[in-house]
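First up is the structure itself, then whatever we jot down about it.
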Amino acid sequence: MRTTPIRVLVVDDSALMRKMITQMLQKDPAIEVIGTAMDGAFGLKKIEELRPDVVTLDLEMPNMDGMEMLRHITKRGQTPVIVVSAHTTQGARETFKALQLGAFDFVAKPQEGSSLTLENVADEIIAKIKVAGAARKPRPQIATVDEALLRSARKPARPPVASRTTPSKIIAIGISTGGPNALLFMLSQLPADFAGTILIVQHMPEGFTQMFSNRLAESCAIEVKEAASGDLLLAGRALICPGNRHMRVRRMPMGDVVVLSDEPPVNGHRPSADVLFRSVAQEFGPKVVALIMTGMGEDGADAIGAVKAAGGLAVAQDEGSSVVFGMPKVAIERGNVNRVVALDALPNLLMVQSAAQRVSSFD
């Protein structure tokens, strides 16, 4: 248990934003803002001088921008960085680049003209700083994925949608902090003729999931898209739940589909892995493989037990390969999983589990 405050450096080119973030963080006695910086170059000097536990970082700054500063930070050591990102398409694009470079996590600033203010995301920023400050360990080492190489590689042609069959397995994934890189690694290993369908709840703001889906699609042989109500569960397809929606499945005579809803958050989350896991357990039972992966909190830790109880396979990512061992740890402690597996082994597990008799929409 930490007994001293988490020492935070705030880096942002806006004097107003630096002041607002500082005032917001200092309301929590577990956090101490030890300094601020207006650009990346000054921020690096402050890191050397003050040795913060966590850095909050704006990406769009003059002189040295946040991306360049992040490159230097990841080369120099293990100081966790929380990106405070613009809630725009360009902001989402840059945020995912930052996560690949080694940022610990991100928070989306409300858009100008929005009714939301920075105070609306205060709890999220504070929670992520606390998790990052507690982690303070080397990020798990996983095999890196060269996106450019993946895009240029000759992949097997993806079967057209009309010719694809019902899937052999329904794979449901709940994931949070550390998820973008883990999903890129895992999904990019799957072949175009992968026999399962994949449903993903990644804790991410509305608007960011579309950009995230597009980035994954560029690097994967399987189809990856942001889910829409009525999307069919097809072999070789991964559907990512949109931010601020819940995702369930429904069995239909003409093909099984996903259904999105605007129901209230569950355990503080929308989308919620608990909602997805309960739905797939009810509809598909033993034909489900559920993964609870890296992330803070306990979303999905209870409902993955419903998959296990229904005869499906419930899998938790192990501590060594998790950026934050929160969600999987709680699921393990509650006895709700069958296996604990490292990230490097998950692609093979999915391929082996999916190499089975295909699901019929009528059984």
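Glycine residues also receive a Cβ, built from the backbone N, Cα and C atoms like all the rest.
Copied over from Swiss-Prot:
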type: ACT_SITE; residues: SER176; note: active site
type: ACT_SITE; residues: HIS203; note: active site
type: ACT_SITE; residues: ASP299; note: active site
type: DOMAIN; residues: 7-124; note: domain 'Response regulatory'
type: DOMAIN; residues: 160-357; note: domain 'CheB-type methylesterase'
type: MOD_RES; residues: ASP58; note: 4-aspartylphosphate
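Features per Swiss-Prot, on structure.
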residue: ASP58; record: 4-aspartylphosphate; DSSP class: coil
residue: SER176; record: active site; DSSP class: coil
residue: HIS203; record: active site; DSSP class: coil
residue: ASP299; record: active site; DSSP class: coil
Pairwise CA distance, ASP299 (active site) versus HIS203 (active site), rounded so that it is a whole Å: 10
Greatest C-beta neighbour count within 10 angstroms, which of the recorded positions ASP58, ASP299: ASP299
HIS203 (active site) and SER176 (active site), distance between Cα atoms, whole Å: 5
Between HIS203 (active site) and the residue listed as '4-aspartylphosphate', the C-alpha gap once rounded to whole angstrom: 20
Count of other CB atoms lying within 10 Å of the CB belonging to SER176 (active site): 25
For the domain 'Response regulatory' (7-124), the number of residues DSSP places in helix, strand and coil: 53 helix, 27 strand, 38 coil
